[in-house]
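Asker: This structure is in structure tokens; I'll ask about it shortly.
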There are 6 protein chains.
Amino acid sequence: MAGNILLLTLLAISVPLKMTVAYEPSPLQDFCVADTTSPANTSNRFGSSPTPVTVAQVPGLNTLGVSMARIDYAPGGIVPPHLHPRATEILTVAEGTLDVGFVTSNPENRLISKVLQKGDVFVFPVGLVHYMRNVGPIPAVSISGLSSQNPGLITVPGAVFGSNPEMPADFLAKSFQVDQKVVDYLQNIF
Amino acid sequence: MAGNILLLTLLAISVPLKMTVAYEPSPLQDFCVADTTSPANTSNRFGSSPTPVTVAQVPGLNTLGVSMARIDYAPGGIVPPHLHPRATEILTVAEGTLDVGFVTSNPENRLISKVLQKGDVFVFPVGLVHYMRNVGPIPAVSISGLSSQNPGLITVPGAVFGSNPEMPADFLAKSFQVDQKVVDYLQNIF
Amino acid sequence: MAGNILLLTLLAISVPLKMTVAYEPSPLQDFCVADTTSPANTSNRFGSSPTPVTVAQVPGLNTLGVSMARIDYAPGGIVPPHLHPRATEILTVAEGTLDVGFVTSNPENRLISKVLQKGDVFVFPVGLVHYMRNVGPIPAVSISGLSSQNPGLITVPGAVFGSNPEMPADFLAKSFQVDQKVVDYLQNIF
Amino acid sequence: MAGNILLLTLLAISVPLKMTVAYEPSPLQDFCVADTTSPANTSNRFGSSPTPVTVAQVPGLNTLGVSMARIDYAPGGIVPPHLHPRATEILTVAEGTLDVGFVTSNPENRLISKVLQKGDVFVFPVGLVHYMRNVGPIPAVSISGLSSQNPGLITVPGAVFGSNPEMPADFLAKSFQVDQKVVDYLQNIF
Amino acid sequence: MAGNILLLTLLAISVPLKMTVAYEPSPLQDFCVADTTSPANTSNRFGSSPTPVTVAQVPGLNTLGVSMARIDYAPGGIVPPHLHPRATEILTVAEGTLDVGFVTSNPENRLISKVLQKGDVFVFPVGLVHYMRNVGPIPAVSISGLSSQNPGLITVPGAVFGSNPEMPADFLAKSFQVDQKVVDYLQNIF
Amino acid sequence: MAGNILLLTLLAISVPLKMTVAYEPSPLQDFCVADTTSPANTSNRFGSSPTPVTVAQVPGLNTLGVSMARIDYAPGGIVPPHLHPRATEILTVAEGTLDVGFVTSNPENRLISKVLQKGDVFVFPVGLVHYMRNVGPIPAVSISGLSSQNPGLITVPGAVFGSNPEMPADFLAKSFQVDQKVVDYLQNIF
């Protein structure tokens, strides 16, 4: 099976020229995202668990320009502010109640948010900071489609305060106009 | 609200130049796809009910290159062979068990199919004929992401036998190498 | 001649993935499509003979986003309903008289058709079902440009009734609301 | 009919959202390029006559990314060096014998040329200088597909020596390292 | 002149079909970015002053897929962490010495940074967090090209802590695993 | 450092085809364009010296869709008419005074030109013939951003009169409606 994956990857650059050659009766474009009867483990500090299906997990998605993600949320669980540098995301609520939102670019920085019930849909335009959080009393599940097979993920404070190596603390202090102790504190967290 | 929709549509051509101008505290990128607690009506000849969320339903999706669809299936329900001329589709099973497949292009015409359980994912490349059917004992639900805000839908026999006006029967008889009575029979159905 | 190969590689804008492997000492951006003085053999069940020039025949077309096809038609010859999943096609009549048409997507399924004389031009948008047939008394010839180096070809009933392996007959019978014998009959043909 | 053309143009920006709405039983995607039984007039200084079918002639081509051109050549007729800033061109010889070629970009400036017989195909990559000339004893005809609905046309010496207003003669003399009289001479021609 | 700008904007959607119609002897694609003999005012809390030239400033850039920015830096001046959701940026140092860097996406969050001297070039891939700061003893100037006429700008902590309306403080506290007082403190700043 | 190579490969969205081969221990997204304190040598027949930074010089630019160029001009120095087949160019004047212009496509062939001072910006649309020349009393410097990592360069008379092998002189004489001696003269120069 690993062999098939590699083969598909090599074939899949830009034009599926002879894509059928590499297909097998048991294709690899399927993948177990998760099973809500045995839900993903959300016992972490954020109370959420994302399960992505991108070209990193499924090489056959290459050149197809689409990927998917399922997220499980404990009651009160959140997905902290983040963005995808190469994809717009369209999300629907499969279970529960979610508060979701995104922030428009400068200079408005307007927060567009909405509480979604089961079956509602919302869209996060490419490259914009967005978040989700479970504001209902029960576990929630969302399913997202993304407009790239390789959307990328940037957790916003993580990229700034948790880079490896770190950005200089005095630079960050000046950037955010805070005391350098605050930066040290934040860098310790991320 | 209708005014906002129009505004967004006009703004959204090619560059969301000042998209925030048109955004309202109650944005329109959200939409009720369906509510599994009150499932879509699948009492039709196919036993399935698709609920699309494309730019036709949500003008704010324009230029964002993504859309979504939910499909409800009765036990034994099917989505007949069809294709999307402008989008790849990635599908996950939210409830039940689905048999899904697509057919590669000429000359192989290979059928790539798979029985999917809850949580499995499958992809249908742009422009290829594909189908879904509920092969489990209970109602099923799938959620799809599509790589265009306007994917289009072509039901394969419908486009051939059910066009308006009809294609000439003698031409179709020659195309499919069947007696013209068979064509008349099929045109009556579609 | 090795110099030419190198040159062409430098020209290849975006994905020169091994394209040089396919180059021959006689540069292959030229190719004999057919010669109307010795016309293509149209003695088959459809009375037509397509001659494609895509990246499968000419690797040097890679990344250039264009291909070409010539079709010869005997009197009464046809090209059955088909579609190209990755290209729009623009066609001109070089000899004879053709009836051509395409079907718009759901829900209209409108057939847009036209009888073309020598020199007329018609366009088939990407992914839509279309056909051609010679309705004149003499052999006809058409020349098409396509907006992809790898347009793909799906013969519509072939993809449904002639896939390998076959789609389940009961599923097709339900899809087309016909008796399963009709499906068996059609599957035997394709 | 003019109303329909306008309607299609307005609709056609970016997504043919409801393209069928504007379609009429007599659609406008067809257009008379020319009729070889009454050939185009090639009695001009170049002995050739191009007939383009682009979005400028057929608004319905908008967003479809493809156009077409027919060229008639008298014996000895030529199409002087030119380029298309927004399209690759694929050409086939419908009648006669053509010498065609293109020049690769700097620093090689290699001329890739070939004498084509009836039925041969050649490709000119986007933005590269190319030419055609009839080197056979009879009138010739070529048919080209282009990868844009608006390919543009730049006749190479015309853009330099025939711009409106003219480029300064001393600047051109220095550019081409010739006496300014040569530039004056060339500017008089173009 | 304002009339011309509007005209160009309307024409410029998708294909500059008749762009010359709107051009005037004094075209509008030129714009005063800044004049280093009278440098931009960098007397602000960051000690830097960006001067963008995008489609928002120059409508004629529409559809051309490129924009430019000049940034002036006082000694010690910085551009805080930010990203462009729709463009890659290529930067060169025109004066002085800059420390620049970007952070790769999850899970690595690797900081790629470099001290640039006058004449050096660096690239920031689309959607990734990056920064610049003057680490030399004199004022610095950089010139950037961007791969979109509408690149957008997101200042990273600003989008999170300074959105309008604000994200809920308890949500941000949980997101960053800090005491809510820290969030209040940061929200006061942005 | 091997880690960085891997990382960058992961970042490369679409065609990371061997790009890592070119990576060096000192990451090469930075590059010395030139140093105005020790200006480029402009002692040539044109009095100008371009320094490109494209994917040919910096493999890491691959898939990023952007490149940059610096040009040094002696007083009176020029860049002869040329075009980029795959990129729009946006230019700013870093030092001195430049006369720049481009010629629109057929049939207008309109010359759009402007004298730019330090800090001014101008744009040359993809595939159009353009030029720059220093019309001030001191050396000049320009910085350009280009919308492709591989823009290509075609010097207009060079492609016509200086190709290798040469275009037939009688063909060029007919193309430009000049005596063949003029063509011989021009071919000797280029």
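Positions of Cβ are set from backbone N, Cα and C atoms, glycine also.
Per TrEMBL, the features are:
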type	residues	note
SIGNAL	C:1-22	signal peptide
DOMAIN	C:31-184	domain 'Cupin type-1'
BINDING	C:His82, C:His84, C:Glu89, C:His130	Mn(2+) binding site
BINDING	C:His84, C:Glu89	oxalate binding site
Asker: Around the Mn(2+) site formed by C:His82, C:His84, C:Glu89, C:His130, list the extra residues of the same chain whose Cβ is within 8 Å of the site's Cβ centroid.
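Answerer: Output for this site, in sequence order: C:Leu83, C:Ala87, C:Phe102, C:Phe124, C:Leu128, C:Val129, C:Pro151, C:Leu153.
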Asker: Please work out which residue of C:His82, C:His84, C:His130 has the most C-beta neighbours within 10 angstroms of its C-beta, and give that one of the binding-site residues.
Answerer: C:His84
Asker: Going along the chain, which residues six or more apart from C:Glu89 (Mn(2+) binding site) have their CB under 8 A from its CB?
Answerer: C:Ala69, C:Val123, C:Phe124, C:His130, C:Ser144, C:Gly145, C:Leu146, C:Ser147, C:Pro151
Asker: Averaged over the whole of the domain 'Cupin type-1' (C:31-184), what is the pLDDT?
Answerer: 91
